[in-house]
Amino acid sequence: MAIERTFSIIKPDAVAKNHIGAIYNRFETAGLKIVAAKMLHLTKEQAEGFYAEHSERGFFGALVAFMTSGPIMVQVLEGENAVLAHREILGATNPAQAAPGTIRADFAESIDENAAHGSDALESAAREIAYFFSAEELCPRTR
């Protein structure tokens, strides 16, 4: 199995409801290690930059408004097949379709406020990690 790193966001809705610890517990219980984490309140410019690939889509303005509505947690997770493992823990993007026991089934209210984001591939994970973290901020977990 390949040890990978992936990028994760706990979105404003889940932060506001004090679900950070419960979500971190899900990550760690699944064998993912948190190698970097910080709380941020995104500016409009930061949110627009992060979600630039969606800038022509109809939901872009609402997405930027939501992601700037309160603090978020950004973290880098490391583990075996981390990208896929993290996405499985998150569940379907629409919480109404998410399997019971997944983060979105348990903590999200709607497809628009769906508690968390996870990278969809190694390439996007590398890009998203670099957007929020310098190499020096990543702390390998050797113990």
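In case you wondered, yes, glycine gets a Cβ from its N, Cα and C as well.
Features reported for this protein in Swiss-Prot:
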ACT_SITE  His117  active site, pros-phosphohistidine intermediate
BINDING   Lys11, Phe59, Arg87, Thr93, Arg104, Asn114  ATP binding site
For Thr93 (ATP binding site), which residues in the same chain are close in space, meaning a Cβ under 8 Å from its Cβ, but six or more apart along the sequence? Arg104, Ile111, Asn114
What are the sequence-distant neighbours of the residue listed as 'active site, pros-phosphohistidine intermediate', meaning same chain, six or more residues apart, C-beta distance under 8 angstroms? Phe7, Ser8, Ile9, Lys11
Between the two most distant Cα atoms of the ATP-binding residues Lys11, Phe59, Arg87, Thr93, Arg104, Asn114, the distance in Å is 22
Counting other Cβ atoms within 10 Å, pick out the least crowded of the binding-site residues Lys11, Arg87, Arg104. Arg87
Looking only at Cβ atoms, how many others are within 10 Å of the one on Phe59 (ATP binding site)? 12
